[in-house]
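Below: the structure, in structure tokens.
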């Protein structure tokens, strides 16, 4: 509201008396506060704020009248909604004698349902609050056998008879207690981190709606949201807004599989009906640093992992284009048909961006399908400062982009984008008559489910759409820029310190910062197999101590012939420089006696 003074229409004599406001003439400050506290939170705060700024009873009365009129015109909850207040007020409830059968749709089950869900919401809100509290642990680690044996009454076994709602609430608390707070500002273990509150609200709504994404008939709003969002993502990639297709999938591995299926169908459509026996020997190409899902898709789709050819990378983890072309020519000489090249925009370990422009030139030269796996790096397309790292992505035939990684959307949220419209539909449709009837009363082109390899499909779009509405493209851009700035901060802090050693030279391209912690016993020791063997054991030991203490989490792994090293990744917008400082200090503390 721009001004505390209501418009003339709210007080005009022509409007007549408002039956909802004519009795709002309290004569004391306390009475006015009572009115404010009886309203919805947003409205109540506005009224309380006004009361502190003015002593005019006339103005107070006019303000409340105007607020109530505005709320009513927008069909929002008003101060008079006592029915809502009564139904959703917490009351003392004995859940030890209540069971699932006592909740809706049970007769007279509304009150028990409301009280049970209020308790669940209280558990969830307490968890959310603690997630952002740096004094809380990232995890309370227990070994598998401890959880299986039961921790303080937390029993994972299933029973034949129902347990009380009291026990169900305890189970909810314990499930969160013994899990990992992946939204904690000091959780750096995976590419998917953070806990976005808008996204959380979206996921709650999605679960409440409990619908499926196969037809417009049962998910009209969600289907339209998905189409609009996918179109926007394709435009950001750089394709014409009239071109292309796409769908949300259960994750980047499945999105990558879609890309291989689309490529195969594009060049050999007969494979859909006749199978792999009807097509030549096909080979796929991907970098030695690419995600393992490409090889997994090769196995699942009948190519065989031997026919997924790995391309050499340079010291920064980028494809060497000359080796790609050499491997293509070698395959052709052996009688194979090169089909598909996967370029990675943001590798899992190094965060490297393959040279897409050069790879695209080779694909055009030999008529190969070019896919860009931007599951991790796709978020940088939202940043004007960093999108140049994906230069050439607009030349790709398909793109994998996981908003649940760099953009902080809650799991799961992965998109496969395809430049040519119709390929996904042609490749996957089976025209199931009980779902995809052609004679429905609406435009059946909105029944998008038949282009998916699934039948049932979770609604992944709403939380993402809602976050985009709440943040705007600029909000995502700022969030991504901040994470990359934190990676630069970490690199600058440790690159010249004797207790740390960088895995490769130069600033990281993404938020992946790869380094060894060098304990005192290995500092100044010349490189040798014995030193590498000892160094290989350092990161796992520190990680074990880290998990036992529960203070932070960061991943480690080997790469090629390199000893285990820490791979720090930042995708949580809640993280700050102080969290980076804490991580460095914690690694030093835990590793000082190794």
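Quick reminder: no glycine exception, Cβ is built from N, Cα and C everywhere.
Per Swiss-Prot, the features are as follows:
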- 190, 191, 192, 567: 4-aminobutanoate binding site (BINDING)
- 1-13: compositional bias 'Low complexity' (COMPBIAS)
- 78: phosphoserine (MOD_RES)
- 405: N6-(pyridoxal phosphate)lysine (MOD_RES)
- 1-25: region 'Disordered' (REGION)
*Using Cα coordinates, what distance in whole Å links residue 567 (4-aminobutanoate binding site) and the residue listed as 'N6-(pyridoxal phosphate)lysine'?*
16
*What same-chain residues, at least 6 away in sequence, bring their CB to under 8 Å of the CB of residue 191 (4-aminobutanoate binding site)?*
348, 376, 405, 406, 569, 571
*DSSP three-state call for residue 567 (4-aminobutanoate binding site): helix, strand or coil?*
strand
*Conformational class of residue 190 (4-aminobutanoate binding site) under the three-state DSSP mapping*: coil
*According to DSSP, does the residue listed as 'N6-(pyridoxal phosphate)lysine' fall in a helix, a strand, or coil?*
coil
*Compile a sequence-ordered list of residues in the same chain as residue 190 (4-aminobutanoate binding site), six or more apart from it, whose Cβ lies below 8 A from its Cβ; state 'none' when nothing qualifies.*
182, 555, 569
_Around the 4-aminobutanoate site formed by 190, 191, 192, 567, list the extra residues of the same chain whose Cβ is within 8 Å of the site's Cβ centroid._
189, 193, 348, 405, 555, 569, 571
_For residue 192 (4-aminobutanoate binding site), the number of other Cβ atoms found within 10 Å of its own Cβ_ = 22
_Rank the recorded positions 405, 567 by how many other Cβ atoms lie within 10 Å of each Cβ and give me the one with the fewest._
567
